[in-house]
Amino acid sequence: MLKVAFQMDEDVVVGRDVSVKLVEEAQRRGHEVFFYRPTSLAFVCGELVAEAFSVRVGADSLHFHDKTRLPLGKLDMLFVRQNPPFDMRYVTTTYLLERLDILMINNPKAIRDHPEKLLPLSFPKFIPPTLITESVSEISAFYAEYGDIVLKPLYDYGGNGVCRICGRADVGAISSAMVERYEAPLVAQQFIDDISSDKRVVLLGGRPIGAVRRKVTAMGEIRTNLRVGATPEATELSDREREICHDVGMLLSSVDILFAGIDILGGHLIEVNVTSPCGILEINQVYGKTLERDCWDYFEYALLHRSP
């Protein structure tokens, strides 16, 4: 039996959240599972602890009981799965966690060093025309060149704050308001007019274990995130998409990011989700799989073969 903890948000939903499915599979294997909120993390006189609860998955909710002061260094495995925003509070947890000598999914230093919308910059041949800035004049010039762009906050997630700018839109006013709201640079990319090609690929140990096409169902919606209601469908990966998965997977494996999700649109790499990857529930649904079992098989293998 392994002693396992999940650092995650409390508002996860049974049947809709990958973290819950991973907890459920851990329970099925007989592991002891704890939950704690990131805000309960504390470095106390040389020891990293958290106010944690034993957790079990019920029919429609998680059940927390037996509150305890959990020494994280005595765990066998820790899942770092709280959602962005990727702010200084989030970053601070990665500085504290990287002191632990246990298996973490994912490596907190790697999470910190590879923000999800910046990581694709390491693969320039795969990304669409991209601008990262908080300069309104630079965004306006980018819009003037491409005429149809997508603007999104750099450190949020799940499609939050994403907007398309085209036609006679006041790009200056929109970008200025977004910079003020998010207090961070923005990502601007040329709009890819082929949202029917949007895919989520799940990588485990740097290799793709499943993919779905994400179909937009709402009229006028450009966001294909599963969190905002896109419908998953079966798909095949093209040669270029497999090349993207291979190259990204090589990088992720080299920095101990064991579990990740890749967003591909029109043959372009858009984002790499390393904080709280989702997608396995939808792949299970479409293909009748149980990927949480494959994930746990790999995590246990990684623990067994972990270098001292």
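Glycine residues also receive a Cβ, built from the backbone N, Cα and C atoms like all the rest.
Here is what Swiss-Prot records for this protein:
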DOMAIN    117-300  domain 'ATP-grasp'
BINDING   143-198  ATP binding site
BINDING   Glu271, Asn273  Mg(2+) binding site
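In sequence order, Pro128, Leu265, Gly266, His268 are the residues near Ile192 (ATP binding site), counting only same-chain partners six or more apart with C-beta under 8 A. If you measure from the Cα atom of Val150 (ATP binding site) to that of Glu271 (Mg(2+) binding site), you get 13 Å. Take the CB of Pro185 (ATP binding site) and look out to 10 A: across all protein chains shown you find 19 other CB atoms. Counting only same-chain residues at least 6 apart in sequence, those with a Cβ under 8 Å from the Cβ of Val171 (ATP binding site) are Ile139, Ser140, Tyr143, Ile149, Ile165. Across the structure, Arg164 (ATP binding site) and Glu271 (Mg(2+) binding site) place their CA atoms 17 angstrom apart.
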